[in-house]
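Notes for the one structure printed next.
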Amino acid sequence: MTAPLDIRGFRLFPGFLDRPAQEALVVVLRELLHVAPLYQPVTPRGQKMSVRMSAAGRFGWVTDRRGYRYEPRHPQGMDWPPIPEEVLAIWRTVAGVARDPECCLINWYGEGARMGLHQDKDEADFSCPVVSVSLGDEGLFRMGNEERGGKTESAWLKSGDVVVMGGAARLKHHGVDRIRFGSSTLLPQGGRINLTLRVVT
Ligand SMILES: O=C(O)CCC(=O)C(=O)O
Ligand SMILES: [Fe+2]
């Protein structure tokens, strides 16, 4: 594993997963999404998010009119499937903490989907990092500050890239401004998948 790039405390591992590993992960995720289908989340203010979501693990992060929170079950009632071993292996290599993640959020970005600048702060313990894995089309990832506003820096995340948001970057604002739809051949129909691994409790 080569040393990560440090961008404002965000650690970026370009090409962490090679193409065969990415393909194997897509196969596993397809099975997972069969059990826990993607759904379109709604913000507490009633706005439909442009990404579609699902999750794996003890808890899934959800949002609806009742707010942002972690739930032990999918909005459609089923248990979240376990986090795949291939995904746990990524966490164990880069996270640098003894605990395993309790949530693997799955974000699916179709054409035009984005995610506004936000902090990941619905977890109880900020000493564990957030680890994110990008698959498929490139996404323009924006990295900001703990406070709202100020200077930001952006990087195109490519399929197989891994980002670790820990330490000083754990509570920094971040988001995805846009994707380059059709820029990757990994997902035959195009789109971007992002996995976000977090310790929740
Ligand atoms: O899609 C990404 O790269 C980031 C996703 C994210 O920030 C989140 O799910 O909290
Ligand atoms: Fe986030």
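Note: Cβ is positioned from N, Cα and C throughout, glycine not excepted.
Please treat TrEMBL annotations as automatic predictions, because they have not gone through curation.
According to TrEMBL, His118, Asp120 bind Fe cation; the candidate from His74, His174 that the record adds to this site is His174. Going by what TrEMBL states, the substrate site holds Trp61, Tyr68, Arg69, Tyr70, Arg148, and the candidate of Asp122, Asp125, Asp137, Asp161 recorded there is Asp122.
Ranking the binding-site residues Ile193, Leu195, Leu197 by how many Cβ atoms sit within 10 Å of each one's Cβ puts Leu197 at the top. Among the binding-site residues listed (Asn107, His118, His174, Ile193), His118 has its Cα nearest to the Cα of Tyr68 (substrate binding site).
Comparing Tyr70 (substrate binding site) with His118 (Fe cation binding site), their Cα atoms are 16 Å apart once rounded.
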